[in-house]
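**Student:** This is the structure I want to talk about, given as structure tokens.
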Amino acid sequence: MSIRAEEISALLKARIAQYGSTMEVNETGTVIQIGDGIARAHGLDNVMSGELVEFANGTMGLAQNLEEGNVGIIILGDYLEIKEGDSVRRTGRIMEVPTGDALLGRVVNPLGMPIDGLGPIETEHYNPIERKASGVMARKSVHEPLQTGIKAIDALVPIGRGQRELIIGDRQTGKTSIAIDTIINQKEENMICIYVAIGQKESTVRGVVETLRKNGALDYTIVVSAAASQPAPLLYLAPFAGVAMGEHFMDLGKHVLVIYDDLSKQAAAYRELSLLLKRPPGREAYPGDVFYLHSRLLERAAKLNDGLGAGSLTALPFIETQASDISAYIPTNVISITDGQIFLQSDLFFSGVRPAINPGLSVSRVGGSAQVKAMKKVAGTLRLDLASYRELEAFSQFGSDLDKATQSKLNRGERTVEVLKQDLNQPLTVDKQVIIIYALTRGHLDDVAVSDIRRFEKELNLWLDQNRKQLCDEIRKTGNLPADEEIVTAISEFKKTFQPTV
């Protein structure tokens with residue numbers, strides 16, 4: 001076999017032409033200290049705050065403290081395999097999470113990796129976890145209702161799309177139940193829901209996912225879970241990952257609901273990280289910027305103007321109180337950031353009033369302008385009625401001789417409390433809510449025994465579906481209250497068929 005010189009020279013020339021003399025420069029440092037999910041490294045002189053860095057074993061970290069001589073890095077994963085002397089290099093990127101339709105129905109960790117065993121997530125869309133909140137000119141005032149399906153909320157403390165409404169209360173007062181019911185109620189509302197579980201037990205998160213699946217709500221929901229067993233950096237990042245995923249849909253003109261369950265645990269994780277990074281502690285040992293931690297997160301909730309697609313992102317942050325103390329540091333911070341709060345009281349919960357909403361301490365600052373007109377008409381006096389009932393109830397315990405007006409107020413108050421009770425995972429459509437509250441406030445329930453109220457409501461709803469579907473559809477579609485005669489006739493006809501308990 002003969003070797004031809006011209007063929008070899010042509011091949012060599014082709015290879016030389018393809019050769020690229022590009023040089024890749026990596027800034028690499030060395031780990032000088034490691035422990036408790038925190039690493040200190042020197043040699044990364046030009047690293048940026050919030051930049052991703054990569055350790056020798058492939059674990060990622062986030063540069064947080066930029067000090068003279070070293071950098072404090074929070075480790076996003078298992079830190080036990082990293083040791084002193086290991087190399088760490090800059091990536092030049094900030095942290096991003098995957099987003100898009102591929103995540104709907106999935107359970108992911110704060111890094112966007114699936115943890116539900118259903119295979120990898122294929123998506124082209126990534127959003128940075130930190131983003132500047134929309135400015136004043138990019139926003140529009142909150143004017144569309146977000147129906148939770150919970151009578152006590154939709155009537156007393158209505159929530160609008162783009163609002164931030166805090167849900168605050170002791171542990172075991174039904175905070176997560178409100179979140180689940182709200183997600184279930186969005187089935188017909190064209191809303192994408194993101195449930196961020198921070199520091200929850202894995203069994204609790206599993207229970208939430210199964211409840212959503214059973215009620216057909218997982219199809220439009222993303223669950224971001226940073227379990228209690230996860231390292232503190234993941235608990236700190238989880239809410240930012242959730243809102244970054246939601247912003248993708250908001251930018252497309254869609255409506256998003258993000259639930260943070262709960263931010264007390266995120267604040268505790270941030271306190272842990274800050275103390276390990278040797279940042280100076282402040283009140284209750286929290287760092288000085290813990291207010292900014294929550295404000296920059298919650299300010300990203302917005303109702304965008306029409307020019308930007310009119311999308312919205314509604315935030316429902318949760319805060320867990322200790323012995324109903326809402327004047328503690330983190331609760332007062334978040335109350336001052338949000339547009340209102342729903343206060344759940346443990347003594348109400350244990351006395352059987354569920355959802356255990358305290359109407360005196362609960363308020364919605366912008367939701368009133370988003371409330372359905374029909375609901376605004378029928379529920380206008382509900383808050384005052386409840387407040388005066390609570391006051392009279394306290395006085396009536398001391399005396400038995402009550403005048404007729406006081407007695408009728410007490411009777412109405414008892415029925416109001418009963419009507420606002422609701423079973424778990426049973427959200428109500430707005431038309432059913434309007435009709436039962438109309439019946440209550442206009443005195444149609446005054447002659448129904450208190451013990452029969454819940455049964456009366458259930459049977460009324462079934463009767464309306466069978467006999468007055470048109471009336472319900474009208475309220476749901478227009479949001480307006482039909483003529484009084486129509487509703488009164490419907491209630492009166494049903495009352496003729498209702499059998500009171502003997």
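Glycine is no exception: its Cβ is also placed from the backbone N, Cα and C atoms.
When I checked Swiss-Prot for this same protein, it listed these features:
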- Gly169, Asp170, Arg171, Gln172, Thr173, Gly174, Lys175, Thr176: ATP binding site (BINDING)
- Ser362: site 'Required for activity' (SITE)
**Student:** Would you identify the secondary structure of Gly169 (ATP binding site) according to DSSP, in three states?
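**Tutor:** Going by the DSSP assignment, Gly169 (ATP binding site) falls within a strand, counted as strand.
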**Student:** Suppose the ATP site is Gly169, Asp170, Arg171, Gln172, Thr173, Gly174, Lys175, Thr176. Which further residues of the same chain have a Cβ inside 8 angstroms of that site's Cβ centroid?
**Tutor:** Glu320, Leu344, Ser346, Phe349
**Student:** Distance check, please: Cα of Gly169 (ATP binding site) against Cα of Ser362 (site 'Required for activity'), rounded to an integer number of angstrom.
**Tutor:** 11
**Student:** Count the Cβ atoms, other than its own, that fall within 10 Å of the Cβ of Gly169 (ATP binding site), considering every protein chain shown.
**Tutor:** 28
**Student:** Secondary structure at Lys175 (ATP binding site) (DSSP, helix/strand/coil)?
**Tutor:** helix
**Student:** Let me spell it out: for each of the recorded positions (Gln172, Thr173, Ser362), count the other Cβ atoms within 10 Å of that residue's Cβ, using every protein chain shown. Which one has the most?
**Tutor:** Thr173
**Student:** Measure the Cβ-based neighbour count of Gly174 (ATP binding site), defined as the other Cβ atoms within 10 Å of its Cβ.
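**Tutor:** The answer is 19.
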**Student:** Between the Cα atoms of Gly174 (ATP binding site) and Ser362 (site 'Required for activity'), what distance do you get, rounded to the nearest Å?
**Tutor:** 15
